[in-house]
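Below: the structure, in structure tokens.
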């Protein structure tokens with residue numbers, strides 16, 4: 001069997017095997033891409049990359065059967081999605097059909113000769129009149145009996161140096177665009193490399209290797225085999241046979257139309273015959289044809305097979321991606337809330353509903369029942385931690401008092417003893433020591449007030465922002481009472497704490513409480529330790545002081561938190577709730593509900609994304625149930 005016969009046999013068998021599977025798989029991804037979900041999901045794709053003048057455009061031209069822009073410099077200035085759809089030969093009306101779309105424009109093409117100018121015009125619209133590039137996509141769909149079932153994404157050729165009107169950083173711009181596509185695990189990189197150069201030096205192969213170090217997603221295509229220097233043919237053969245730089249998907253080699261062929265008006269059909277003849281007659285490259293590694297027709301079959309297998313392989317992950325994006329988009333849209341109605345009556349009801357939701361959220365704080373979706377810990381849990389710290393301060397003070405009382409009492413007795421006989425406790429000394437220690441606790445109590453106020457303030461601000469962030473006027477109208485009422489309640493709580501400590505400096509306790517506590521202290525031999533040489537009067541006073549401080553500590557451990565909670569939580573929240581209810585009848589709903597343009601835009605984008613994802617879900621579901 002001759003090489004050409006062998007090639008035809010392979011083609012026929014492959015088409016029969018894949019005929020029922022190929023088009024639905026490729027149509028699935030094309031449908032998803034046409035819905036615009038490529039903004040949201042990583043779709044399976046084959047991206048064609050190569051250095052400038054690598055022959056990339058010629059390969060695509062040969063695969064599609066139409067002349068694409070070619071020449072020196074940057075020819076491809078935008079990503080070009082090339083959708084090739086094979087149709088039946090007996091349908092004359094659909095013998096050839098072209099459709100180009102970009103942004104919101106669509107153009108039907110009746111003749112293959114129109115394509116080159118149509119692509120150039122589209123690139124000018126998207127990338128400007130200079131030589132810059134754009135990330136915006138052009139889609140070119142071709143239906144013909146002479147094309148394979150295949151979709152490719154053509155990316156700009158890599159420029160090493162900016163020339164002419166090109167931006168100074170053109171190399172970086174192009175590489176960033178290419179990397180955006182090829183770094184995705186869902187993308188197969190089709191790397192086009194001239195056969196007459198050292199492939200290790202090509203930027204395209206280096207870029208592919210950077211994001212796909214094992215070559216799992218990379219297929220190498222060698223071009224321009226007719227330009228290989230004599231003596232280098234075996235190196236090319238070794239490269240195609242994966243013996244130089246190894247890729248899991250390997251290499252293929254093709255010969256496309258050169259400039260001389262174009263000048264001589266060699267059409268694409270004749271070019272394919274010329275290519276087959278070249279490999280058939282070549283002493284070194286004939287073996288590559290026999291092994292199915294050469295010519296455009298075999299490359300087309302290989303790419304179709306690779307794409308179908310890749311789509312099938314990535315489908316479960318695509319479904320998972322879609323579900324996650326749907327959930328996230330739905331949640332984001334819910335967080336933004338519904339848009340403002342246009343009817344004035346409905347607008348008023350909308351405002352009432354928004355304010356009541358806010359009031360309910362405030363009530364949740366007060367009752368320690370708030371929604372935890374926006375926070376990892378309830379406000380009252382944080383406040384309780386502050387109350388516990390206050391109790392720790394009191395306990396530490398009591399322990400410190402026990403340790404230092406001896407010296408303090410001795411100092412007072414030694415310097416301030418009056419006419420009392422030995423053994424009599426000086427009550428004035430007792431009072432002075434009590435007042436001194438009580439004063440030292442006032443500052444930590446005020447710090448507790450400030451810390452709890454900060455917690456409540458932060459929480460209320462977070463809640464008001466989550467409810468009203470879309471409405472700047474309503475947000476501002478709410479901010480004033482938030483600050484004013486909090487300042488008011490803070491001052492009231494502060495005054496009460498000052499008053500509380502003034503009262504604590506008045507030494508008093510119920511007799512039975514004091515006596516019971518004193519008995520406990522006297523029974524505890526650790527109060528003053530077993531320190532020798534301590535006088536009876538010092539021991540006696542120290543025991544009385546310790547007993548009194550324990551009573552005071554228990555009292556303050558509850559009283560200060562009650563003052564703080566009453567004013568900063570209960571009174572403040574209630575005052576704020578009443579002010580919000582009063583706002584309903586006092587203000588113009590239309591003015592309060594003027595929505596920020598950024599929020600409206602974001603809601604619109606989220607709604608559009610949700611619709612895209614839902615449509616994509618239907619397409620995916622239909623495909624899964626049909627196979």
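Quick reminder: no glycine exception, Cβ is built from N, Cα and C everywhere.
Here's what Swiss-Prot has on this protein:
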type	residues	note
BINDING	50-57, 154-158, 223-226	GTP binding site
DOMAIN	40-316	domain 'Dynamin-type G'
DOMAIN	538-627	domain 'GED'
REGION	50-57	region 'G1 motif'
REGION	154-157	region 'G3 motif'
REGION	223-226	region 'G4 motif'
REGION	255-258	region 'G5 motif'
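Within 10 Å of the C-beta of residue 158 (GTP binding site) there are 22 other C-beta atoms, taking all protein chains into account. The average per-residue pLDDT of the prediction over the region 'G3 motif' (154-157) is 92, rounded to a whole number. Here the Cβ of residue 56 (GTP binding site) has 30 other Cβ atoms within 10 Å, regardless of which shown protein chain they belong to. According to its DSSP assignment, residue 158 (GTP binding site) is in a strand. Following the DSSP three-state reduction, the secondary structure of residue 50 (GTP binding site) is strand. Of all the binding-site residues given, namely 50, 53, 155, 225, the one with the smallest number of surrounding CB atoms inside 10 A is 53.
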